[in-house]
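Worksheet for the structure shown next.
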Amino acid sequence: MVFFKDLFIFKSLIKGSLYSGHMKKKLLNYLPLFALMLFTVSMMAQTAPDEDTNSSIACPSSGVFQNNTTRDVDIANPDNVGTVDDRTCYADYYETSVYGETWGAYNITFNSNHWDAPNTLQPRIERSLSRSQETGVGSYARFTGTLRILEVGNTGTFGSTGSYLMQAKGKHTGGGGSNDPAICLYLARPVYGPDANGNQVQVSFDIWREQINFRGGSGAAGRTEVFLRNVLKDEIIDIELEVGFRQDPNDPNLKIHYSDAIIGGQVFNWNIPEPERGRESGIRYGVYRVKGGRAQMRWANTTYQKVEVVDNSTIPAADIYRIKNVETGEYLTSSGSSIIASTSGTGSDKEWEIISAGSGSSYVNIDSQVRGIIRFTGGSSNPGLVSTNFSPPNTDTDKVWTVIDNNDGTVSFETRNLGRFLYHDTNNMITHSANIDDRSKWNLESTTLSVDSQQIASVGVYPNPTVDGFTISLDNISAEKVQIFNLLGMLVYEQKTNESSIHIDNMDNFDSGMYIISVTANDNKVYQTKLIVN
């Protein structure tokens, strides 16, 4: 902190009572020398008053920090907000009092993760914060705090050097990546300079944003690093990170999923790719990753706030289906790269989204909740299906399907416009075939519709199927809004109401096919049922 003290004295000389024309002239004469002195002092490493200077980075042989039964290892009434995730046997979270503040201390060392199998994942002491689990415009998670970086990991290789200070988190639809993927991580890499004895030590840190290129992205192909700024060792830095959803200024019908950071007064905003796939917004902070040496960071003045706004622009979760074959009663299932049939409809590997293949496209992608979209291969001689890692929307000609409504409550999926259909064959293989029978027909079971039959029973529609019009009855629901969506999730009807029933006789927006009626109540609960238009 010598640098900041000297800078304060210099400013006092310029602005204080000693300031005069004569003094100004003398100061200007010495300014280059003084500036050099400041630069030299600033780059000369100072040991922070609460820095861990232990020469050993090994976990204590006593096992005092092993904590084999829990990762939530905390002190009573911690000053820092959030729940601890402690995966290091080197140290536990503790607090120090320096510079007039209470600081949470986060220290980890190379090979100190004893939890994850061991050392398959990097050591960390982080704090997790409850996530904003809605995706409507105005939903966000916001963290603020004050940070001092004292040391970060170093391997001598650029890519593996550095430690993370915070990260934006958030799950997404359509599969791909880990079960709890990072959206972007904020990484500190060391800059070296001399200490008082001339030894090369960490004197400052370059801050980088490691951002995904696509949902679930990891590694060199899946992420990009962007340099943000440099901060000095032990410099007191104000931090703000907000992750959430805002309206796209270029299209009011679209939204942006963002991760906006302010680091030491400098703004670094970033829009997350594939915002329509985002399901939540979360934040973790502390210290994470050390592939060589030790990492230690100090956090103070931490706060957290979240806002959750329901997204009513599309069917809430109703566009996630179990796809059941009419002939066999078995469910379409993603099993690794294969598509198989299962007698059970339980599990996310039987859950699918039917998503438009692109703006203006009449085709759809069939997207697994645990993997990616279905690709069809071969023709009549060697037909096959592959569960890919590709995400929707995708217009590749071997990954697009036409949804055909059979006007009996079932649908068929045609491979593009090739006259071949998703098919459960007699050999129990899921394939595509030119045969048109009940093995090419499928029931779409909405995961929302099948969860709570008591909710569904309170929404009625008659006549159903219909041709000329229909009535929606709302039994025991204090309704606020009625919406009707087609199978692609497009809104075709919306009406605010406080009545117990609605009659619709204008069918101009209703082509033949299946629809989902979604009723939002005053308490924000959503009730849904199916409608078939002939």
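Keep in mind that glycine also has a Cβ here, set from the backbone N, Cα and C atoms.
Feature annotation from Swiss-Prot assigns active site, proton acceptor to Lys169. In three-state terms derived from DSSP, Lys169 (active site, proton acceptor) belongs to an extended strand segment.
According to Swiss-Prot, the active site, proton donor/acceptor annotation covers Tyr288. Secondary structure from DSSP puts Tyr288 (active site, proton donor/acceptor) in a beta strand. Long-range C-beta contacts of Tyr288 (active site, proton donor/acceptor), restricted to its own chain and to partners at least six residues apart, with a cutoff below 8 Å, comprise Ile108, Gln122, Pro123, Arg124, Glu126, Ser163, Tyr164, Gln167, Leu185.
Annotation source Swiss-Prot lists Ca(2+) binding site at Gly63, Asn68, Asp86, Thr88, Ala91, Asp92. Secondary structure from DSSP puts Asn68 (Ca(2+) binding site) in coil. Cβ environment of Asn68 (Ca(2+) binding site): His114 lie under 8 Å away, each six or more residues apart in the same chain.
Residues annotated as substrate binding site in Swiss-Prot, with similarity to another entry given as evidence: Tyr164, Ser218, Gly219, Ala220, Ala221, Gly222, Arg223, Tyr288, Arg289, Val290, Lys291. Counting every protein chain shown, the number of other Cβ atoms lying within 10 Å of the Cβ of Arg223 (substrate binding site) is 17. In the three-state DSSP scheme, Arg223 (substrate binding site) is classed as strand.
Counting Cβ atoms from all protein chains shown, Cys59 (disulfide bond) has 20 others lying within 10 Å of its own Cβ. Positions annotated as disulfide bond by Swiss-Prot, on the basis of similarity to another entry: Cys59-Cys89.
Computed over the region 'Ulvan-binding domain' (316-449), the whole-number mean pLDDT of the model equals 87. As annotated by Swiss-Prot, region 'Ulvan-binding domain' applies to 316-449, with the evidence given as experimental evidence.
Swiss-Prot lists 1-47 with the feature signal peptide, giving sequence analysis as the kind of evidence.
Taken from Swiss-Prot, the feature site 'Neutralizes the sugar carboxylate group at subsite +1' applies to Gln167.
In the region 'Ulvan-binding domain' (316-449), helix, strand and coil residues by DSSP number 6 helix, 58 strand, 70 coil. Each residue contributes its Cα atom, and for Cys59 (disulfide bond) and Ala91 (Ca(2+) binding site) these two points are 8 Å apart.
Note on proximity: of the recorded positions Lys169, Ala221, Arg223, Arg289, the one nearest Asp86 (Ca(2+) binding site) is Arg289, by Cα distance. Taking CA atoms as the reference points, Cys89 (disulfide bond) and Lys291 (substrate binding site) are 15 Å apart. Of the listed binding-site residues, namely Gly63, Gly219, the sparsest Cβ surroundings within 10 Å are found at Gly219. Taking the centre of the Cβ atoms of Gly63, Asn68, Asp86, Thr88, Ala91, Asp92 as the Ca(2+) site, the nearby residues of that chain (Cβ within 8 Å, site residues left out) are Cys59, Val64, Phe65, Gln66, Asn67, Val73, Cys89, Tyr90, Ser112, His114.
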